[in-house]
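**Student:** This is the structure I have questions about; it appears just below.
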Amino acid sequence: MELRDRKPVSLRDKFKEHYHNRDFTPTKTQVSSFGMGFFGFMVLSLLLEAQLVLVPTIYNEDAWRFWLTTGLIWLTFLETVSNWYLSYWDVKNYVKGETRAKYFSSEMTETPPGWRTCPKCQVDAPPRSHHCNHCGKCILKRDQHCFFTGSCIGFFNQKYFVVFSFYVALGSAFAIYLQILYLSQEFSFLSWDIITYFIPVTFVQWLLGNTTLDKLLIIVHMYLCISTMCMATFVFLWQILIITYGATSFEAWKQIFLYTHSAADNFCSVFGSLKVIPILFFFPIKVEQDSDGIMWEVKRKRVKGH
Ligand SMILES: [Zn+2]
Ligand SMILES: [Zn+2]
């Protein structure tokens, strides 16, 4: 082809060709990376913001409050991160090929009653376990897949997840309290200054040179903390509710209450024992439960639904 025969390609055509028929739906890995990245960003940025900006400014002349607040910040930080770690690493939740062999002999050819062969990972899965498309495995007493911990919440890590959501809610509330104390030194809540707490207004104020970049960033951060606090509080209260009723999120949604015992027994099933619950909220230690999450005694008839 000669040069003069070539049609000029516009930038618009180049873009069209480049992005034509492309699927922009995020993959499961991307969603998980985003969730874990958001968690990591929030935890580290809040720690740095609180230690380097908020606390030194608010309590610069009050040593007692300075050290008390610093201690509480580090306690919340360490509890959140260690319970995240415990929620993330418990791979005992996976249903493996040998799970069935723990209770049934290999001579038994059919799937045991109450069990089902998972069409996706081909293992014999016990009651209450479900396949997770993100993990690619069947999970014992599967509750949900959490993108912020990057793991499935199931029989062995639900206890850590409950404590984790509690500390995320508490840490966010604590951060909002410190951010408001810091910001109210310049913008009062009890005057028209309150309008400055709306991001577009703060942004314009910053462009006009009426406020500093750190104040703008702290206000944006405060909104992220409010969203995180609302979400974590909801998750924590929901978990307490479903544990009380002895159900998983899926079972509660479908109104299947087959495995509910007394509220105390339901809590023991998740946490190991009632005595361990207050300990777990202060010390992030590994705790074993009595059962292995495989065999479940049906206690009550289905209330409604399936
Ligand atoms: Zn499966
Ligand atoms: Zn999962």
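Cβ from N, Cα, C; glycine included.
Automatic prediction, not curation, is the source of TrEMBL annotations.
From TrEMBL, here are the annotated features:
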| type | residues | note |
| --- | --- | --- |
| TRANSMEM | 38-59 | transmembrane segment |
| TRANSMEM | 65-86 | transmembrane segment |
| DOMAIN | 116-255 | domain 'Palmitoyltransferase DHHC' |
| TRANSMEM | 160-183 | transmembrane segment |
| TRANSMEM | 189-208 | transmembrane segment |
| TRANSMEM | 220-243 | transmembrane segment |
| TRANSMEM | 263-285 | transmembrane segment |
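Could you give the neighbours, burial and distances for every feature on this list?
**Tutor:** Same-chain neighbours of the transmembrane segment (38-59): 65-66, 69-70, 73, 77, 80-81, 84, 148-149, 171, 175, 178-179, 181-182, 185, 214, 218, 221, 224-225, 228, counting only residues six or more beyond its ends whose CB sits under 8 Å from a CB of the stretch.
Summarised by DSSP class, the composition of the domain 'Palmitoyltransferase DHHC' (116-255) is 79 helix, 16 strand, 45 coil.
Listed as Cβ neighbours of the transmembrane segment (160-183) (distance under 8 Å, sequence separation of 6 or more from its ends, same chain) are residues 46, 49-50, 53-55, 57-58, 69, 72-73, 76-77, 79-80, 83-84, 86-87, 90, 143, 146, 149, 153, 189, 197, 215, 218-219, 221-222, 225-226, 228-229, 232-233, 235-236, 239-240, 243, 270, 280-281, 284.
Panel annotation: around the transmembrane segment (189-208), residues 180, 183, 215-216, 219-220, 222-223 of the same chain, lying at least six beyond its termini, place a Cβ under 8 Å from a Cβ of the stretch.
Away from its own ends, the transmembrane segment (220-243) comes close to residues 42, 45-46, 49, 143, 158, 161-162, 165-166, 168-169, 172-173, 175-176, 179-180, 183, 197, 199, 249, 251-252, 266-267, 270 of its chain (Cβ-Cβ under 8 Å, at least six residues beyond either end).
Sequence-distant contacts of the transmembrane segment (263-285), counting only residues of its own chain at least 6 positions beyond either end whose CB sits under 8 Å from a CB of the stretch, comprise 78-79, 82-83, 85-86, 158-160, 162-163, 166, 243-246, 291.
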**Student:** Restricting to the same chain and to residues at least six past its boundaries, which positions have a Cβ under 8 Å from a Cβ of the transmembrane segment (65-86)?
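**Tutor:** For the transmembrane segment (65-86), the far contacts come to 39, 43, 46-47, 50-51, 55-56, 58-59, 148-149, 157, 160-161, 163-164, 167-168, 170-171, 174, 178, 282, 284, 286.
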**Student:** Over the domain 'Palmitoyltransferase DHHC' (116-255), work out the mean pLDDT and round it to an integer.
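**Tutor:** Computed over the domain 'Palmitoyltransferase DHHC' (116-255), the mean pLDDT is 91 on the 0 to 100 scale.
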